[in-house]
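Sending over a structure as structure tokens; questions will come in a sec.
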Protein chains: 2
Amino acid sequence: MAEYSAPVKDMRFVLDNIAGLDDLSKLDGFAHVEGDVVDAILEEASKFAGNVLSPLNKPGDLTGSHVKDGVVTTPPGWKEAYQGFVEGGWNGISAPEEYDGGGLPQAVTMATLEMWNAANLSFALCPLLTQGAIESIRAHGTKEQQDKYLKKLVSGEWAATMNLTESQAGSDVGALRSKAEPAADGSWRISGQKIFITYGDHEMSENIIHLVLARTPGAPAGTRGISLFIVPKYLVNDNGTLGARNDLKCVSLEEKIGIHASPTAVMSYGDNGNCVGYLLGEENKGMACMFTMMNSARLGVGVQGLAVAERAYQQAVEYARDRRQGQAPGMPKGEMTPIIHHADVRRMLMTMRANIEAMRCLIYLNGACLDRAHHGPDAETREIAMGMAELLTPLSKAWCTDLGVEIASTAVQVHGGMGFVEETGVGQYYRDARILPIYEGTNGIQALDLVGRKLGLRGGEPVKQMFADMQETVKGLAAAGDEMAAMSLQLNLAVSALKDATDWLYSNAPNDPHAAPAGATPYLRMFATTVGGHLLAKSALKAKAMLEGGASDTDFLKAKIVTARFFMGQILPTATALLGPVTEGPETLFAIDEELLSA
Amino acid sequence: MAEYSAPVKDMRFVLDNIAGLDDLSKLDGFAHVEGDVVDAILEEASKFAGNVLSPLNKPGDLTGSHVKDGVVTTPPGWKEAYQGFVEGGWNGISAPEEYDGGGLPQAVTMATLEMWNAANLSFALCPLLTQGAIESIRAHGTKEQQDKYLKKLVSGEWAATMNLTESQAGSDVGALRSKAEPAADGSWRISGQKIFITYGDHEMSENIIHLVLARTPGAPAGTRGISLFIVPKYLVNDNGTLGARNDLKCVSLEEKIGIHASPTAVMSYGDNGNCVGYLLGEENKGMACMFTMMNSARLGVGVQGLAVAERAYQQAVEYARDRRQGQAPGMPKGEMTPIIHHADVRRMLMTMRANIEAMRCLIYLNGACLDRAHHGPDAETREIAMGMAELLTPLSKAWCTDLGVEIASTAVQVHGGMGFVEETGVGQYYRDARILPIYEGTNGIQALDLVGRKLGLRGGEPVKQMFADMQETVKGLAAAGDEMAAMSLQLNLAVSALKDATDWLYSNAPNDPHAAPAGATPYLRMFATTVGGHLLAKSALKAKAMLEGGASDTDFLKAKIVTARFFMGQILPTATALLGPVTEGPETLFAIDEELLSA
């Protein structure tokens with residue numbers, strides 16, 4: 001099993017041609033983001049990912065994290081790797097420079113995030129959570145809170161967690177019961193139990209800043225009565241030094257299917273009535289604060305889907321080149337053929353590859369939209385970009401994580417019997433990937449977000465803009481002729497079907513509250529796959545232009561065109577066919593009484 | 001987590017209306033198979049499955065099987081359960097009565113097999129392997145061999161294994177290197193190492209009869225030089241008592257993603273040069289002997305896919321009825337709604353259900369075809385039935401096991417975060433199911449078997465007959481009017497596309513050796529899904545006729561119609577759309593050089 005090797009060339013291609021790196025570097029605050037700087041960053045990150053994080057992945061799975069007397073121990077090497085991560089400045093590369101961050105665009109961060117997660121998903125979860133807290137405190141914290149927490153979180157000396165879920169409150173966050181009582185000094189006393197808290201405790205960082213959702217006395221029911229609190233593991237003195245241990249602890253860790261090295265904690269706050277918290281943002285506005293980090297956290301989980309798929313793909317290609325079985329047509333007689341030359345194995349690999357490249361386009365574009373939303377030259381540009389970022393987010397999260405599971409499963413299949421044996425390591429990706437469609441809003445929730453909120457966002461402008469972009473690509477393909485013209489027809493069919501599905505949702509949602517939810521999941525799949533096809537087609541057009549302009553890397557550029565053609569011919573058609581399922585309506589879903597669904 | 005509850009009513013419905021139980025009971029040897037006998041069998045089997053096997057499933061996963069000094073220990077309770085299984089007469093219910101078997105049709109055995117595997121997949125593997133050996137010895141053994149081994153294997157007092165795979169010989173069985181040297185007494189001395197031997201050793205039965213593929217001196221290369229040997233763990237004296245321990249041992253067990261309780265052994269034969277084997281069938285005809293058991297073994301694995309899906313479905317329904325989150329449209333205000341009332345959750349459950357019922361139809365029909373192939377009144381009937389059984393086998397194996405994985409994954413998703421926690425038990429199905437698309441011929445191999453062998457079998461007659469059957473259903477639906485007529489259109493589209501795909505394969509396979517292999521996997525999916533739709537539509541037509549005839553169980557029968565409609569509207573369209581991928585041809589598969597597939 002080889003270590004992870006970051007696909008730096010493809011990452012850079014997507015950054016240049018889909019995310020628009022050149023344009024991003026012209027935005028306010030990104031003047032330092034030149035092409036060779038980005039190259040250097042990707043190169044260094046790929047070394048850290050491949051040499052440090054990747055070798056810890058499988059041992060971490062075998063050892064797991066453990067808790068004893070409320071103290072969590074991460075696997076051997078974990079703490080040292082985290083220290084290296086912090087010292088390398090990787091933790092805060094997209095955080096603002098005023099807090100000693102790297103001030104890099106989100107688009108570029110997508111690439112480094114992909115690397116950490118492909119190398120070691122369990123490890124990469126820790127900084128992912130810290131990132132969410134940084135954004136939340138930046139957006140909603142007082143000046144004093146920002147000064148107290150941000151630099152340490154940006155550097156990674158302190159880590160952070162997000163505490164939403166309680167046993168009765170999962171997708172339905174509004175059902176949470178944890179409490180916050182005001183104290184005389186203006187702080188709060190937190191009490192309650194939270195579950196599924198990723199990196200709820202560990203010894204990798206000096207301190208852990210827990211962001212905890214709770215209800216204040218007399219708060220309204222549901223999501224409108226939730227407030228967000230900063231609850232440090234060690235209280236922080238005004239001079240920035242660490243004070244007393246707060247009244248909170250890790251009660252237990254879950255035994256999970258995968259991500260064994262990532263401690264998933266049950267956290268108890270205020271067992272002794274003395275858990276100190278500080279209100280972040282306004283009282284009863286906790287959900288709004290959570291939404292601040294939601295977009296980027298969901299996008300981050302989408303990256304995890306892409307990342308685990310890439311890792312699984314690399315291992316599958318390696319195995320398929322090495323393993324010999326049978327005799328493929330046209331291969332040398334008298335010896336077994338590497339299975340990569342069997343058409344059905346090649347189909348599996350190409351399916352993985354085409355989906356991965358499409359996901360990478362979607363994710364990096366989504367990151368670039370966030371950059372334009374925050375750094376765009378004027379309010380209108382920023383609003384338009386934010387609309388697009390918000391539209392793409394549920395696609396990035398749900399599609400890329402569903403594909404993460406599917407591709408990890410295919411990688412096991414490529415390995416045959418060896419894939420089912422843990423020794424090979426590919427089984428870990430299959431087990432690890434399974435959490436991704438669940439956490440940070442299940443993929444069902446993402447689909448509801450798409451049909452319920454995003455289609456109607458800003459009067460439907462982002463959707464219209466995406467359709468216009470796709471039509472542009474359809475035209476571009478047609479004008480480019482030859483094999484491109486064939487892709488134009490295929491993409492046009494998909495876009496038309498997606499439009500029909502969208503119109504059906506717009507028409508039927510107002511009349512039947514079940515109509516949109518019933519079609520939401522196939523609609524998201526259809527939408528994301530079509531966007532994926534559109535972005536691969538754009539890549540192919542760019543590659544063609546570069547080839548015609550005499551670019552040197554012809555193999556790579558020709559492969560870009562083939563991959564797009566494969567996607568159009570092999571992957572897009574079933575997505576287009578989801579028009580039927582989306583517009584079938586909810587009747588057959590509910591026609592069998594729930595009691596009759598069990599045997 | 002509730003124990004498994006066999007869906008006896010649906011099983012009986014499928015036996016009656018799809019497998020044609022009534023007709024089967026008129027065949028030679030099946031006179032004793034009356035409806036109430038079948039009911040009694042299903043009832044008793046469901047008790048054993050639910051009360052004995054099911055409670056051992058999760059503990060077995062946690063404990064696993066272990067090897068020490070060549071002796072394998074299965075989990076606590078395993079041996080007693082096996083004893084109960086043997087005493088209940090379950091092991092040989094489809095074996096001939098002359099060997100004290102139950103002489104039941106394969107179709108009925110599919111139902112009991114489904115129960116054992118749904119209750120406890122790891123446990124059920126042991127008798128599944130014994131079954132293969134029974135068939136092989138029956139078909140190819142000498143009278144003496146049959147007398148010596150069959151009764152004990154039929155009763156289950158002895159178990160059996162199949163030894164094909166070696167580290168360099170997986171899908172490519174012909175590459176195996178194990179040897180057999182003739183001994184003076186007419187027996188053989190076996191030597192070699194075999195891997196992935198299911199239940200390679202255990203103490204549940206008095207003896208284990210290993211069937212081992214090996215090469216005799218001077219045998220031709222490849223599959224034409226392979227012979228099959230009976231290699232007992234304990235040699236059997238002529239009076240039937242057990243003699244000396246044979247020179248074979250379990251070297252190690254694999255650490256696997258799932259089926260932890262099923263010992264997957266590395267077996268070493270002849271370490272001391274004294275491993276005694278007996279030739280089964282003719283020298284160099286070992287592959288033919290293996291093919292004898294292949295059809296039923298592959299069908300058996302297809303049943304496992306169905307079974308794990310059913311188990312996962314039951315648990316998902318139970319969880320969805322119990323778990324409350326959010327507020328679904330039309331449900332009581334002021335309380336959280338059981339998630340089963342959310343459209344997207346219902347979609348997941350209905351997708352599982354519709355696929356499961358379609359799989360059950362396919363599998364039981366496949367079993368009935370085998371019954372007709374062996375018990376049909378004349379040679380022609382038997383040949384036609386065997387052709388259909390052979391056509392359906394790769395569909396049963398590959399489609400049902402791919403769906404087994406997909407449905408287990410969906411069941412995890414229904415559970416949300418709890419699904420990722422091992423405690424819930426649903427993760428075990430996700431892990432266990434992953435072996436099914438791999439063993440007993442990978443699903444890629446099944447697809448190649450379909451396009452490479454089965455399409456051309458008997459001049460394509462079985463395929464033509466299946467198309468004729470499907471057209472009959474299309475007509476029947478049209479004639480039945482109303483909602484049935486809508487299904488007729490949907491099914492007709494699918495059948496037409498499948499015909500087009502088939503014609504494309506017939507036309508292109510002769511010209512390009514990659515053409516059929518390139519399209520094989522989507523073609524199998526398309527074929528099986530269309531057959532599934534056809535069989536559910538037949539079920540719906542039967543249900544409608546029964547309702548019109550005044551049948552009492554109206555809820556069940558109406559649900560049959562709804563399930564068929566759901567399948568047509570939600571599941572069939574994407575299968576129909578595979579026409580594109582099947583007929584796209586191999587060009588894009590191979591256009592990127594293998595060296596460029598890695599980063």
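One-based numbering along the chain as shown.
Cβ coordinates come from backbone N, Cα and C, glycine included.
So TrEMBL has the following annotated:
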DOMAIN    B:42-157  domain 'Acyl-CoA dehydrogenase/oxidase N-terminal'
DOMAIN    B:162-261  domain 'Acyl-CoA oxidase/dehydrogenase middle'
DOMAIN    B:284-450  domain 'Acyl-CoA dehydrogenase/oxidase C-terminal'
DOMAIN    B:467-593  domain 'Acetyl-CoA dehydrogenase-like C-terminal'
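Provide an account of the burial state, proximal residues and distances for the features listed.
Summarised as a single figure, the pLDDT of the domain 'Acyl-CoA dehydrogenase/oxidase N-terminal' (B:42-157) averages 97.
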Return the stretch with the most CB pairs under 8 A relative to the domain 'Acyl-CoA dehydrogenase/oxidase C-terminal' (B:284-450), choosing among B:42-157, B:162-261, B:467-593.
B:42-157
How does the domain 'Acetyl-CoA dehydrogenase-like C-terminal' (B:467-593) divide up by DSSP, counting helix, then strand, then coil residues?
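Across the domain 'Acetyl-CoA dehydrogenase-like C-terminal' (B:467-593), the residues distribute as 107 helix, 0 strand, 20 coil.
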Under the DSSP assignment, what numbers of helix, strand and coil residues are found in the domain 'Acyl-CoA oxidase/dehydrogenase middle' (B:162-261)?
7 helix, 48 strand, 45 coil
Across the domain 'Acyl-CoA dehydrogenase/oxidase N-terminal' (B:42-157), what are the DSSP residue counts per state (helix, strand, coil)?
82 helix, 6 strand, 28 coil
